[in-house]
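A.B. asks: Okay, so TrEMBL annotates it like this:
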- B:7-29: transmembrane segment (TRANSMEM)
- B:26-158: domain 'Tripartite ATP-independent periplasmic transporters DctQ component' (DOMAIN)
- B:49-68: transmembrane segment (TRANSMEM)
- B:89-109: transmembrane segment (TRANSMEM)
- B:129-150: transmembrane segment (TRANSMEM)
Ligand code: NA
Ligand code: NA
């Protein structure tokens, strides 16, 4: 069909490598099924074609059309673009058609990007966890410890008095093995054991943080040039992906925790009181960060939209 | 023209000193960081990130100086084995192409810096620093490198026999 | 354009630009500009090219490159390295070709410090190559062992590349790291054996020069004064990394700092020495880093055009015997490795190789180890192995790329021989990790 539009997609992780990467593949498959004759997605590659942290700007520059990866990869380009990490809604951005979704779309549009969706597991499923080589009973145990963080979890670690160290996934094994860091944050459902980290890590702290998951975005000009029919297909495909991701992450989390335990790791549960302290600090420290990069009225608006969740 | 050349030499020499200083500073910063951590148990944030920025500055501030010393890596398989006349033409031509590449990068580098500033792009690591801080040295370095290529072409054009010294023994 | 048209166009263009005498970095950047125009949406993609130049070198993982270069030039210009070599000379006086053998030993020692072959080559090349030529060694023998031994950096832990390979492939990182030790040591021994045989057959390549008879007391004293201090710095760096006191970047900086202190103690911390050492370290570092600004983008564009993945999937879909398939896969890596750097090779090929490894029922560690030797080889294969360019930068004036290509040749053959041995006798690769 001559009228069919082909969109080129690049992602942060190759298909088949990480469960989070499968969000991109699922979205592509949905589009290609629903969009026959109207719109289709062609997968170009992942970190083999562009370094993941360069991909968001490359999307804005029109090097390719559709992107998937972690929401916080947008932190430098779209201030607050990953604010749905704090969302209490089942679908982090509320899904196409909701007020929260329109708010997030507005944040991205100002920077030349069309946000398509943030897909994650249910609340507390497939999210960030801390894994350590020292026993942790309380938040206070983190004080003075060197911990590997992501841009998202560094606020919490710093607020807890730890020393945050930024390392790419490929360096974590050696750093844990040699004791250069004593713990690290990772969304456990995302193939924790595939990296072999269970061989060099003793404990997983069973205290979920934020939402994690993956997000899908488009170049804004390319989006605006699409027919309304094609746009609808993309949104419908996204809604399906957001629904699918919930089961997908639950299944992966369960499998990973089983493999971690088989690998000799111990899952530590905090007392109710400590869990609440931990959760409070995690949320408050991240809000404090967003308050430095978003205007006060946006903060008020998004807090109201979050509160609307049941 | 000669005075202009001398001023340019002084500038590239000065920038080479800055590059060298960056190299040593990079080492000292890291040593201080380790010392603070192991002696005072106090971690300094962002040294690794700053080291990354210093790598870019060191490279681009010193690139023109390295060219003046004829030390950029060249595959001289062909250049070294052709007769001297042809070699001179090739070297003039490649210098001009080099200049064109550098000036093109200067142009697009400048645009990239202004675009990055207008989009407000930040590097979201330990220290929130505008990406433009990294980028700005690229057009600057490319511009100086381009000028040095032009000078090399002019020098080769004027001197009939004196091609680049490194090929004398080849 | 089809992927194969891109492939031919890219490589012909790059070769043409390099051969016309453009600096390698500029040749890469020019080819990238053309590629960006074709693949990344015309002129608007140029913005991305600038970003890619920045992100290719603005990372602290590469900081050990300039650090180890600085350490090398400091040791060289202050006379510490030449004195150290002299002491070893006093002990090794009876071995013919001892400086070449020493290079292999030093390369293996350096390899325990770094995973970056280019830094190793820069240090060995700037200290030992001119030393060998001063003593009448042939060009080829003064360059080849440096290239081969420098590349050991990737094969002897710590090796960042082994970790990248294992995590992309989903292999056990610990096992991969342990498994590469045996081929690493084996390769170093093969180098030594080769040098000894070569010097025996062609004595004019490594003339025996008179080593004055030194009394034992003096030898011991010199060892303590001139050999042990720099060697302890090296061992301290290893300890820092091994026991996790510091990251490789930090360890490299500490080692360089200690070299300054050693210079002060030996009375060679003069302004002239510092100026020479820091100046040439700056020049060498810029020379290497600026090539990286171009080669990263080139690999990305190749990936983007679909050429690298297409050629891999085409060749691996052929119906042939498993061993032949393994050899073919390694040939593909070898060919790609002539042009692009190793991390990109891993990122491009492993996702396509993985299903084949599983389908064949191969031990993934066996595959990983052979692959690592191949990736090591990629740093020294012409025309675009990065270590070759580094060697060109540090070699004495008058050394041509042709000299370097020829010098690398026998060492490339030794690497291929080792790969074949491991393909035929898997236990060599699997013996050590079987104790884990
Ligand atoms: Na190594
Ligand atoms: Na190569």
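Each Cβ is built from the backbone N, Cα and C atoms, and glycine gets one as well.
Predicted automatically and left uncurated, TrEMBL annotations should be read as such.
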A.B. asks: Quick test of the contact rule: Cβ under 8 Å, at least six residues beyond the ends. What residues does that give for the transmembrane segment (B:7-29)?
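C.D. replies: 47, 50-51, 54-55, 57-59, 61-62, 64-65, 68, 144, 147-148, 151.
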A.B. asks: Which residues of the same chain, at least 6 past either end of the transmembrane segment (B:49-68), have a Cβ under 8 Å from a Cβ in it?
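C.D. replies: For the transmembrane segment (B:49-68), the far contacts come to 9, 12-13, 15-16, 18-20, 22-23, 25-26, 29-30, 123, 125-127, 129, 133-134, 137-138, 140-142, 144-145, 147-149, 151-152.
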A.B. asks: Under DSSP, the domain 'Tripartite ATP-independent periplasmic transporters DctQ component' (B:26-158) has how many residues in helix, strand and coil?
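C.D. replies: Final tally across the stretch: 102 helix, 7 strand, 24 coil.
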A.B. asks: Can you check how the pLDDT averages out over the domain 'Tripartite ATP-independent periplasmic transporters DctQ component' (B:26-158)?
C.D. replies: 90
